[in-house]
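To start, the structure itself, in structure tokens.
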Amino acid sequence: MSADIQSVSDVRVKYIRGVPEDTRETDRSQDGQQLTDVGLQQAGRHSEKKLPAVKRSRFRVWTGALGVLYLLILAAIIIRLTLENNNLSSSYSILEKKTADMAANNSQLQEEVKKLKDKIEGTWCPEGWTRFGCSCYFKSSEEKTWPNSWSDCRDKGADLVTINSKEEQEFVTKLNVTGQFWIGLRTLYSQQTSTWDWKWMDKSQLREMFWATGHGNPTAWSFASCCDQQGKWTKGYYENKKTWICEI
């Protein structure tokens, strides 16, 4: 009887509390499962947050490394360009110095050439002689035959003038404005051709001829003189006397 009363009391207590015993156990089990699910979800979210952080950290490392590499390359380029610029500046300075030295040497050479030219033109010719080109000329004031005129030039260590260019022709024409003078041209007999030909006394080739009309025909024992009123050569003979010009 007492046992039944106890059982009824327990049931009443449970009923009064409104929580069946088996229901409370089920709730505890569900609550534990919910706590477990929440923990897994929180752990998952934590892992998801951690993965992007690692990626960002690696990205920063790579970015920093690339930045350092870029700076090193840029520094190397700047150093190389600086060295090349220094080398170019040094080469330019050397070239500028060489140019200045060459200009100074050229100026010095020109000065020496001028002095040498002045020395040659001013002092090389004997007194009383006039220089033209590489030769000196002496104008006589007396008159002699061609052979005696040639002999006088030989005594002076020279020869009767040989005219090889138009410029020299003009020079000797101006040198003697008082009349005609003997030049070193005469006719010689050629046994090979059996003819008389005009020949310079210094054996040089007859390159230029300035004969007056009718005077260039070579005849026996003929001698040339310069110049008529037109500045041309004329033909003379043994007995004629004229002034002469010597050339050395």
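Each Cβ is built from the backbone N, Cα and C atoms, and glycine gets one as well.
Remember, it's a predicted structure, so these values are computed and weren't measured experimentally.
Annotated features in TrEMBL:
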COMPBIAS  19-30  compositional bias 'Basic and acidic residues'
REGION    19-44  region 'Disordered'
TRANSMEM  59-83  transmembrane segment
COILED    92-119  coiled coil
DOMAIN    132-247  domain 'C-type lectin'
Mean predicted confidence [pLDDT] for the domain 'C-type lectin' (132-247): 92
Sequence-remote partners of the transmembrane segment (59-83) [C-beta within less than 8 Å, at least six residues beyond its ends]: none
